[in-house]
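Asks: To start, I am sharing the structure in question, which I have written as structure tokens.
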């Protein structure tokens with residue numbers, strides 16, 4: 001909104017109004033605003049949650065310090081959502097299709113997570129919303145995002161087209177054209193590109209339509225997987241928020257580079273017109289998650305709940321899809337991936353051993369993985385992996401996961417220069 005106001009003032013030669021033309025200025029402003037909003041309103045929202053007795057119900061799983069968390073206000077993801085929406089609405093171009101998609105994603109998954117937390121807190125149902133309804137909500141968002149990227153004329157990439165002139169001396173010229181494409185970015189392949197159309201060569205005359213169908217299905221899968229991965233990661237104070245902030249920095253850098261022809265050419269990635277506005281959103285996202293850590297770091301004064309975790313995961317997924325970096329998610333979101341896989345392996349192995357031996361056995365002392373480090377080894381738990389034998393303090397687990405997240409974020413960007 002402020003962009004349009006200051007654009008009008010700039011036409012009237014108002015001093016300083018032209019600063020709002022620059023994405024860097026608006027991104028910096030969005031970062032500062034989101035930090036201020038999340039810290040300023042955070043305390044008030046926490047007090048309100050306490051007054052309404054919206055506290056976390058904790059099952060005794062035998063984890064160190066676990067029961068002390070009982071009654072800590074939950075649904076704090078509201079703080080993150082507000083701190084993202086307000087700066088984005090104020091600083092970004094609201095007619096940008098990518099910004100619109102990110103705003104829809106934030107509200108959509110925020111509402112889904114809020115409904116889940118509401119059932120847990122007010123209906124006294126620890127399981128919350130039935131899993132199938134969560135999946136329907138996530139799939140619905142993925143379908144909307146995929147179809148918009150397919151149908152909107154504003155969603156294009158720019159590619160160099162080679163034009164040859166057969167004169168006495170062969171002349172080759174390149175010019176840039178906007179095109180709809182099912183290409184995405186992946187390292188180690190030629191030009192760092194992969195086209196989903198290559199998966200449907202059998203489709204003949206319907207190859208283009210089949211490629212977009214594969215792309216939409218991929219969008220649905222990524223949104224569902226990453227939002228659930230973030231949800232799994234939200235088990236220790238500051239873990240999900242800090243990890244998401246790190247991922248947000250990497251995505252912001254990738255969006256900036258994808259929106260500038262020189263940087264895109266340097267990294268050999270797709271040039272995406274309009275993606276520069278996503279840098280403003282990324283700045284608000286980073287500020288909101290870092291500001292939330294003010295209250296969520298150990299010992300947490302508030303938990304984000306599914307209101308926050310589902311939203312953070314969905315935002316990361318849709319953002320990566322928009323800038324065509326979804327195939328980098330296994331590296332960038334490696335923490336989410338490992339947390340998710342640890343649960344799937346634990347459940348699958350438990351069921352297999354129960355069927356084969358009559359009793360369920362474990363791979364980890366406890367899943368998701370971060371809880372494995374909170375359990376002592378050789379404490380009567382039949383698990384394939386017993387190390388570490390000593391309990392690792394919660395704050396140390398979180399910081400170590402953050403450090404791994406930073407390494408993965410750097411690796412994600414560096415891999416784009418590998419040939």
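Every residue number used here counts from 1 along the chain in the order it is shown.
The backbone N, Cα and C atoms fix where each Cβ goes, and this holds for glycine too.
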Asks: Which residue range, 303-323, 366-386, is the one Swiss-Prot calls transmembrane segment?
Replies: 303-323
Asks: Checking feature assignment: transmembrane segment per Swiss-Prot, candidates 186-206, 396-416. Which range matches?
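Replies: Here Swiss-Prot associates transmembrane segment with the stretch 396-416.
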Asks: Which stretch from 135-155, 266-286, 303-323, 396-416 shares the most C-beta pairs under 8 Å with the transmembrane segment (22-42)?
Replies: 266-286
Asks: Take the transmembrane segment (303-323) and find every residue of the same chain, 6 or more past its ends, with a Cβ under 8 Å from one of its Cβ atoms.
Replies: 56, 69, 72-81, 84, 98, 101-102, 105-106, 108-110, 112-114, 116-117, 120, 128, 134, 138, 141, 145, 149, 219, 222-223, 225-231, 233-234, 240-241, 244, 247-248, 251, 254-255, 258, 272, 275, 278, 281-282, 285, 289, 292, 296, 329, 332-333, 336
Asks: Do any residues of this chain, six or more beyond the ends of the transmembrane segment (266-286), have a C-beta under 8 angstroms from a C-beta of it, and if so which?
Replies: 23, 26-28, 30-31, 33-34, 83-84, 87-88, 91-93, 96-99, 102, 154, 156-159, 176, 178, 181, 183, 185, 191-193, 244-245, 248-249, 251-252, 255-260, 315, 319, 322-324, 416-417
Asks: Short question: which residues 6 or more past the ends of the transmembrane segment (238-258) have a Cβ under 8 Å from it?
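Replies: Same-chain contacts beyond the ends: 23, 27, 80, 230, 264, 266-267, 269-272, 275-276, 278-279, 282-283, 285-286, 289-290, 292-293, 296-298, 300, 304, 308-309, 312-313, 316, 319-320, 323-325, 332-333, 335-336, 370, 397-398, 401-402, 405-406, 409-410, 412-413.
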